[in-house]
2 protein chains.
Amino acid sequence: MREVFHKYRDIEIRAPRGTALNAKSWLCEAPLRLLMNNLDPEVAENPKELVVYGGIGRAARNWECFDRIVECLKNLEEDETLLIQSGKPVGVFRTQRDAPRVLIANSNLVPHWATWEHFHELDARGLAMFGQMTAGSWIYIGSQGIVQGTFETFVEAGRQHYGGDLRGRWLLSAGLGGMGGAQPLAATLAGASALLVECQQSRIDFRLKTGYLDEQARDLDDALARIARYRGAGRAVSVGLCANAADILPELVRRGVRPDLVTDQTSAHDPLNGYLPRGWSWVEYRERASRSPAATVAAVKRSIAEHVQAMLAFHELGVPVFDYGNNIRQMAKDEGVENAFDFPGFVPAYIRPLFCRGIGPFRWVALSGEAEDIHRTDAKVKELIPDDPHLHRWLDMARERICFQGLPARICWVGLGQRARLGLAFNEMVRRGELKAPVVIGRDHLDSGSVASPNRETEAMRDGSDAVSDWPLLNALLNTASGATWVSLHHGGGVGMGYSQHAGVAIVCDGTDEAAARIARVLHNDPASGVMRHADAGYSEAIACARERGLKLPMLGDA
Amino acid sequence: MREVFHKYRDIEIRAPRGTALNAKSWLCEAPLRLLMNNLDPEVAENPKELVVYGGIGRAARNWECFDRIVECLKNLEEDETLLIQSGKPVGVFRTQRDAPRVLIANSNLVPHWATWEHFHELDARGLAMFGQMTAGSWIYIGSQGIVQGTFETFVEAGRQHYGGDLRGRWLLSAGLGGMGGAQPLAATLAGASALLVECQQSRIDFRLKTGYLDEQARDLDDALARIARYRGAGRAVSVGLCANAADILPELVRRGVRPDLVTDQTSAHDPLNGYLPRGWSWVEYRERASRSPAATVAAVKRSIAEHVQAMLAFHELGVPVFDYGNNIRQMAKDEGVENAFDFPGFVPAYIRPLFCRGIGPFRWVALSGEAEDIHRTDAKVKELIPDDPHLHRWLDMARERICFQGLPARICWVGLGQRARLGLAFNEMVRRGELKAPVVIGRDHLDSGSVASPNRETEAMRDGSDAVSDWPLLNALLNTASGATWVSLHHGGGVGMGYSQHAGVAIVCDGTDEAAARIARVLHNDPASGVMRHADAGYSEAIACARERGLKLPMLGDA
Ligand SMILES: NC(=O)c1ccc[n+]([C@@H]2O[C@H](COP(=O)([O-])OP(=O)(O)OC[C@H]3O[C@@H](n4cnc5c(N)ncnc54)[C@H](O)[C@@H]3O)[C@@H](O)[C@H]2O)c1
Ligand SMILES: NC(=O)c1ccc[n+]([C@@H]2O[C@H](COP(=O)([O-])OP(=O)(O)OC[C@H]3O[C@@H](n4cnc5c(N)ncnc54)[C@H](O)[C@@H]3O)[C@@H](O)[C@H]2O)c1
């Protein structure tokens, strides 16, 4: 008898809080709570369908798999490892105490078959799951996760294009989903106003409610009037507009409106699920996508092409335009927009210098569920990194402006050296009882050493090694060898099937000596592997960082 | 200053023998000796260019990398791990004693760029290396490595098509390279005569010298006359013919000759380097390949199409024909041979039932360099597995007919349960001084749980999951977590760029308790992950095996 599996369940999941264990150790309790936290209605975009963020990025393949993962984690011994294959728990093996408790591989396909078409075929047969980056690897923390990255990006863009001052400037973008929802807040934190086009009212409501978005305009005229007003007053306010970006951007080009920064965070990487074609309602889109997928994808791609053509028009006018990691240029190029790649991706434009020093989206979550635990760690970060005013400003703003979603968490871009120091300090705080319960540390897969994605993180590498994916695989193997608590290897995150391979890691600070030893290894080796990757590609900042931190990179010459 | 790297060096490498360590531990000495052994002139096809087997499967990216790997392994501490990225030593990290000493990722490319064209571009810039399966993961042991697999395949084919009796039958195949060179010996061991077409005289000479091939014919008429004679006499003799398979096979079809089994092991997976077009000399091929690669590939593919058309003609006549894992069908299909996949691959045809029980190409190498050590382990295998006459016959024939190449080694297809038992017994023999030095155990990447290759190992999986590559990634992560000595993740082995992802593992038996604990974990978990993969795909043999061996497979229903 073939079992029936369910992708929908009318249920609300919330991670357990407090100090009582549901599993046999904190090393198993942590992935259990984080899996559940990924599906908390405060955190996930569509939790009843197991969708966390980023199109159809799921936390488990179906609800039966979810149940079984929970059961496995509750019963897992301290020297056992659970294997997750595209959101399905496939095996429990005896390994070692200092090995990961969970090993995850999501959405990986042999390259020749690594297309959305084949993925959807497998998905329809219950054989696949799209893990995105932190959805299937259980370390998504809601929109905050991306806020600092987006903030850093806008700040750096401001530095490069507007002398570091974004006052009176405004950003034009679209998409207020799990990731994109961070844009309005990041823009205002960086000092700019923003106009965000989003086609689903529910998404706008969600961002208004959480304070990420300041207000909503009635229509385009109203939106432009508001922006003009705030610019004039030198105020940074974000304005949402419920409309289709493929209508609005070309219209703005026609009207000769000139934004100061243009980007996009619709889920263009996934034409079947994540981008609304012009002239359709969302309900119609979902319905047609399941009825006639090929025709739907064709319609989506036509709209994307028009959208990108408008972005190119802004680019030609000299407006700074960048691809924000949703593969929209590739989709347009496939549709015949030959010069789609004329504007850059955000990584080479703004982020790579950070990656060269192992700086990336470090984050941690308070398993206690207490906001106070995060506030204490915030203070600890300031204490240990006293000389970084930018970081302090971020922490202050985050505390003031960012609502926690699900388990309290903090993100904070720090690099090699700092990560291990913070991790050890947090572990010490747990040991001394300064925190109410253990903390789990993780990061996005979009990080220094953990991803190969030639249209995004590894676009335009100095040596041309954009597509070499040995690096994320080595990163995952090294983190496993170093004793991380869970490690994941995914394909297709961010930019969709065929375009990326990437690795995730999470590690628990339970206050023990064993944890301290693991933290020292993992939180050094993980960012160090990013410095190594960039040094190997010939970036002088990375080579300097490697020398300074005493990394052993055998082929690094003396030149 | 950009350094200059060399792919050619006029040198002969031979692994150190004996009990004196060159590295700081046997766990580092073993990969050191095995890397060198892969380049032993007795073992490698073209060692001066670092080519081990299978087209351009290399052990290191260039000679400078080789030197540096050797140096790193000599200096590696017992809690350090060396990272190898496409044959280049890129980092040394502190991990743990029970973690792997070496982690390897070779030839991995983000799917959209995972083509020979992009690979060659990277290769030309010194950024890539083709690792094949055991070439870049340092556990190739010469043609013996493949002899038993080939033998098992021919025996099983004989069982299915000729009632288990191959006397008076003959095999037609081509290619006497590193893998293909095993065909004549495996055929005669299985009781059949064989005609092997090989276009390079040097390869024929090498197989004659090592006793893998019995004799060479002057021309096709002579070859057919010899085959007819041996068939008549009921003798199993192998005959080599120096010619182009793309000439010979169509000619045999024209003449109405009817072999009893047809296959092929030219390196058709790599048209730029591994398959000679009709009418060209080998020297001309190499020269043109470097001068005008695209035109060369086009000529190769035309010849492959004619070759496959002849194979299809035999298939239509009812002759058992199978693809022997060199992707020749795909190449022909790309060239317009629509029905190229009419004949099956060897895995679904003959090997999968073994994989369902975790049975695969288990192998071990005597680090002492003493043949006697292998003979003692042979005896131990017989002692521990007394009730398997087929296995005993293999061991007897192997001892009698197979010359060791490089360090003495043995291959022996055994499964879940047996592998760990043998490994622990070998470790015990080392401890007790029954062997002169430690032994290293490994396997091919072509194994039960370690590969996704839809045109070969995972062709026609029961549930349609051929292209899902989560499995080999989980296999590598699990072996790393279990404390294997070295672990590798490769792309493109066997069938070429874009068509496979696979993992390797090796573990040292140094006679210590620590080694015993690791062996028990690794040699259980590794084949168990293969049983898991096949059980998940719905094979009843695998489900039965999983139940019998008490595997914890969370979603395995009771049906
Ligand atoms: N830059 C980064 O750091 C980063 C990180 C992760 C993901 N991403 C990428 O950013 C994109 C967005 O991610 P997400 O998690 O927010 O996705 P999501 O699917 O949760 O949200 C996408 C939003 O776009 C809206 N939308 C779709 N089509 C539209 C249209 N034509 N006009 C206006 N709005 C439209 C949808 O209604 C939805 O709210 C994805 O492609 C993701 O892969 C970027
Ligand atoms: N079935 C398996 O278990 C298995 C395992 C590993 C590899 N393979 C595949 O088998 C193939 C052979 O592997 P190998 O290591 O022997 O490769 P190799 O490159 O060492 O040998 C190939 C041989 O084919 C000969 N050849 C090329 N074109 C020819 C032609 N037109 N006519 C006659 N001879 C020709 C070459 O001279 C060479 O000797 C590869 O594609 C490899 O990937 C199969």
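Just so you know, glycine gets a Cβ as well, placed from its N, Cα and C.
Automatic, uncurated: that is what TrEMBL annotation is.
Taken verbatim from TrEMBL:
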- B:13-139: domain 'Urocanase N-terminal' (DOMAIN)
- B:54-55, B:Gln132, B:178-180, B:Glu198, B:Arg203, B:244-245, B:265-269, B:275-276, B:Tyr324, B:Gly494: NAD(+) binding site (BINDING)
- B:142-350: domain 'Urocanase Rossmann-like' (DOMAIN)
- B:Cys412: active site (ACT_SITE)
Around ligand 2, within a Cβ distance of under 6 Å, which of the recorded positions B:Gly178, B:Tyr275, B:Cys412 show up?
B:Gly178, B:Tyr275
For B:Ser267, B:Tyr275, listed as binding-site residues, tell me which one has the smallest number of other Cβ atoms within 10 Å.
B:Ser267
Taking the Cβ of the residue listed as 'active site' as the centre, count every other Cβ atom within 10 Å, in any protein chain shown.
20
Tell me, how many other CB atoms lie within 10 A of the CB of B:Glu198 (NAD(+) binding site), whichever protein chain they belong to?
30
I'm trying to understand the geometry here, so how far is the Cα atom of B:Gly54 (NAD(+) binding site) from the Cα atom of the residue listed as 'active site', in Å to the nearest whole number?
21
Tell me the residue counts in helix, strand and coil for the domain 'Urocanase N-terminal' (B:13-139), as DSSP assigns them.
41 helix, 25 strand, 61 coil
What's the CA to CA span in angstrom from B:Tyr275 (NAD(+) binding site) over to the residue listed as 'active site'?
30
With every protein chain in view, how many other Cβ atoms are within 10 Å of the Cβ of B:Gly178 (NAD(+) binding site)?
29
DSSP state at B:Ala245 (NAD(+) binding site), helix/strand/coil:
helix
Within the chain of B:Gly494 (NAD(+) binding site), which residues six or more apart in sequence place their C-beta under 8 angstroms from its C-beta?
B:Gly54, B:Gln132, B:Met133, B:His269, B:Gly325, B:Asn326, B:Asn327, B:Leu446, B:Ser453, B:Arg456, B:Glu457, B:Ser500, B:His502
Averaged over the domain 'Urocanase N-terminal' (B:13-139), what pLDDT does the prediction give?
97
Are there any residues at least 6 positions away along the chain from B:Ala245 (NAD(+) binding site) with a Cβ closer than 8 Å to its Cβ? List them or say none.
B:Ala174, B:Gly175, B:Val197, B:Cys199, B:Asp264, B:Thr266, B:His307
Sort B:Tyr275 (NAD(+) binding site) into helix, strand or coil using the DSSP assignment.
coil
Length of the line joining the Cα atoms of B:Ser267 (NAD(+) binding site) and B:Cys412 (active site), in Å:
25
Please classify the secondary structure at B:Ser267 (NAD(+) binding site) using three-state DSSP.
coil
What whole-number Å value do you get for the CA-CA distance of B:Glu198 (NAD(+) binding site) and the residue listed as 'active site'?
27
In which DSSP state, out of helix, strand and coil, do we find the residue listed as 'active site'?
coil
